[in-house]
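Visitor: Can you read through this structure? Questions will come right after.
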């Protein structure tokens, strides 16, 4: 019996993502110095769109940070992880889930507004602000696969995608309608969604990491607030 491997590959990618694997770390290991940190308590429902941190789209813990205005980069850093260290070699890894827009510290080039739990690993809360920190970007220690949620209010004429639970940073999200051979790139918003007005019928979402890997998931029709498991996760040798 002759097996059509090409057909099998097409069937697999129509439902779950096949990753173009890469063996190198997509992050620069250069340590950035001169960072600072404060802490805040209103951590749920941050600007990155993850909602409640222990909810279905959140990281599942409170090891998070709101990024200063410059570091936030209009939402491009949402869902990415940073290992922050102090001069005493204490370190903590946090995920970016929010932006810090207040005047003052949040306007510094490399400022993190941490959860009280994360802040306390680096210094006493009584200090209020920590200076002289360093950081490096690292893969996120997530469990399971990359997931996609369709924004509340999505319909057959407009929808917006939240990509979450990704171990490696997302570079681009694109969609391809059923019957088309062309992927249309979407533009990320400052609140970390990827909107589209061409979602009639079945379509495929393609998620590209900064390491050049791709994950695919087919969405048969638009259902507001529905979460899709892509069945795949980005790899990393970091």
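In case you wondered, yes, glycine gets a Cβ from its N, Cα and C as well.
Swiss-Prot feature annotations, pasted as is:
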SIGNAL    1-21  signal peptide
DOMAIN    45-145  domain 'Expansin-like EG45'
DISULFID  48-78  disulfide bond
DISULFID  81-140  disulfide bond
CARBOHYD  89  N-linked glycosylation site
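Give me the structural setting of these features: burial, nearby parts and distances.
Guide: When pLDDT values are averaged over the domain 'Expansin-like EG45' (45-145), the model yields 97.
In the three-state DSSP reading, residue 48 (disulfide bond) counts as coil.
DSSP assigns residue 81 (disulfide bond) to a strand.
Under the DSSP three-state reduction, residue 89 (N-linked glycosylation site) is assigned to coil, being neither helix nor strand. Listed in sequence order, there are no same-chain residues at least 6 apart in sequence whose CB falls under 8 Å from the CB of residue 89 (N-linked glycosylation site).
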Visitor: Measuring CB to CB from residue 48 (disulfide bond), give everything in the same chain under 8 Å that is also at least six residues away in sequence.
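Guide: Result: 75, 78, 79, 96, 97, 98, 99, 191, 192.
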Visitor: Using the structure shown, find which entry in 78, 81, 140 (the disulfide-bonded residues) has the sparsest Cβ neighbourhood within 10 Å.
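Guide: If we count Cβ atoms within 10 Å for the disulfide-bonded residues 78, 81, 140, the smallest count is at 140.
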